[in-house]
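Peer 1: One structure coming up, written as structure tokens, with questions to follow.
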Amino acid sequence: MEFDTIAAISTPPGEGAIAIIRLSGPEAIQIADRIFYAKNSLSEAESHTIHYGHIKEDGEVIEEVMVTVMRAPRTFTREDVVEINAHGGIVSVNRVLQLLLRNGANLAEPGEFTKRAFLNGRIDLSQAEAVMDLIRAKTDRAMGVAIRQMDGNLSRLIRNLRQEILDALAQVEVNIDYPEYDDVEEMTQRMLLEKTELVRASVEQLLQTASQGKILREGLATAIIGRPNVGKSSLLNQLIQEEKAIVTDIAGTTRDIIEEYVNVRGVPLRLIDTAGIRETEDIVEKIGVERSRKALADADFILLVLNQNEELTVEDEALFEAAAGHNYVVVLNKTDLETKLDIDRVRELAGENPIVSTSLVNDEGLEALEEAIKTLFFAGDIDAGDATYVSNVRHIALLHQALEALNGVTTGIQLGMPVDIVQIDMTRAWDLLGEITGDSVQDELLDQLFNQFCLGK
């Protein structure tokens, strides 16, 4: 497959040490050579070499650059690729790009370089999606999962499962078309059932990693809830190590939702500091309280903050009811003051959920809280070096659909349905798994996926 030659700025816009303009396509080297001036021509350069020179426009030097030449097929796109390393900035870099476009290159669409890598067989679709996961990774663990997926861990597993299904379908066809025994139908059903159970077990095992994988990829929507002035904003500031929320002794200071990402021992949290939940006549505060209730309902995880220096109130107990059904940690704050809280009642309300004591003004208890969060979600098993995690929502949905199709095969065999009918569900499972790797996928989906990438990627 051959495309036109595309160009784009691959580094973020703005001032910086360097900026990279990337070209890919059959004319990439020739187009770059038209504007690059040095001792030797780029057209004669060997692959994977770097060259110093200048970019000129109408005889005027507009940039001093280093140019990398990479010839097909040993490139990311499997096309000729040129990367121009210029000084970071806006004006000169855009002039270089415009010069390339005037000399025959077309401006790349978002994600077009990665899309070409997929279409040219350099990577499959799950590996292409992992590129974006790596870019967006917020923790070392999320980065590790993305790198393993880019390396083909998930692809190899899916392809092995598809091969198992294909082998079974081929055997079904042989047994139907060339029966040698009277009991061929029974033998075929038994073989098909064994293969189905094998593939189904693997799909179920993959889906068991989905919850942790999704956490790593997207982060946990974490609502910090509690009555006014119990220390919610102090907790947010301590976790992100930055003064984002106003902290005062005046109840009701936080009137809107504040969101921040933080990495807590490998667990990515999207922290949501909510307005204190209480009955109020203040119109503005009332809006904040309603938003807090919605944030609580939508949260994946809750940090329920109580003031250890005050007695438990009806409003506090109502928060436990609202948190029911969620994963949550109870934070008993202000341990530097006299304890007035009924701790036994708190333990009764919290049930199996962890309870951590803190004195945020004295920086005490934060490590214990971070450890409780890590243990609650990962319990250490996420660290397996070669583990394959499913984190992409699209992949998870396709695996669930494939599992449903495989269950249909099992049910059909158990009901005594003919194998040529049962194999329809088997073929559907094969197709669905193929959508994960891109072996069977619609062009519209490809456009939708790659448009999520930035320009130059």
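Glycine is no exception: its Cβ is also placed from the backbone N, Cα and C atoms.
Straight out of Swiss-Prot:
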type	residues	note
BINDING	R22, E83, R122, K457	(6S)-5-formyl-5,6,7,8-tetrahydrofolate binding site
BINDING	229-234, 248-254, 273-276	GTP binding site
BINDING	N229, T248, I250, T253	K(+) binding site
BINDING	S233, T254	Mg(2+) binding site
DOMAIN	219-378	domain 'TrmE-type G'
Peer 1: Mind giving me a neighbour count for K457 ((6S)-5-formyl-5,6,7,8-tetrahydrofolate binding site)? Other Cβ atoms within 10 Å of its Cβ, every protein chain shown.
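Peer 2: Within a 10 Å radius of the Cβ of K457 ((6S)-5-formyl-5,6,7,8-tetrahydrofolate binding site) lie 19 other Cβ atoms.
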Peer 1: Would you identify the secondary structure of K232 (GTP binding site) according to DSSP, in three states?
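Peer 2: Looking at the DSSP assignment, K232 (GTP binding site) belongs to a helix.
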Peer 1: As a test of reading the model: what is the averaged pLDDT for the domain 'TrmE-type G' (219-378)?
Peer 2: 79
Peer 1: Given E83 ((6S)-5-formyl-5,6,7,8-tetrahydrofolate binding site) and N229 (GTP binding site), what distance in Å do their CA atoms have, once rounded to a whole number?
Peer 2: 55
Peer 1: Do you know offhand how many angstrom separate R22 ((6S)-5-formyl-5,6,7,8-tetrahydrofolate binding site) and S233 (Mg(2+) binding site) by C-alpha?
Peer 2: 45
Peer 1: Would you identify the secondary structure of E83 ((6S)-5-formyl-5,6,7,8-tetrahydrofolate binding site) according to DSSP, in three states?
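Peer 2: Once the DSSP labels are grouped into three classes, E83 ((6S)-5-formyl-5,6,7,8-tetrahydrofolate binding site) ends up as strand.
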Peer 1: Which one of these binding-site residues, R22, R122, K232, has the sparsest Cβ neighbourhood, judged by other Cβ atoms within 10 angstroms?
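Peer 2: With the binding-site residues R22, R122, K232, fewest surrounding Cβ atoms within 10 Å: R122.
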Peer 1: Highest Cβ count within 10 Å among the binding-site residues N229, S233: which residue is it?
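Peer 2: Output for this query is S233.
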Peer 1: Going by DSSP, is R22 ((6S)-5-formyl-5,6,7,8-tetrahydrofolate binding site) part of a helix, a strand, or coil?
Peer 2: strand
Peer 1: What whole-number Å value do you get for the CA-CA distance of K457 ((6S)-5-formyl-5,6,7,8-tetrahydrofolate binding site) and S233 (Mg(2+) binding site)?
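Peer 2: One finds 38 Å between the Cα atoms of these residues.
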Peer 1: State the Cα to Cα distance, in Å, between S233 (Mg(2+) binding site) and R122 ((6S)-5-formyl-5,6,7,8-tetrahydrofolate binding site), rounded to an integer.
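Peer 2: Computed Cα spacing between S233 (Mg(2+) binding site) and R122 ((6S)-5-formyl-5,6,7,8-tetrahydrofolate binding site) is 48 Å.
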Peer 1: In whole Å, note down how far the CA of K232 (GTP binding site) lies from the CA of R122 ((6S)-5-formyl-5,6,7,8-tetrahydrofolate binding site).
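Peer 2: Counting only the Cα atoms, the answer is 49 Å.
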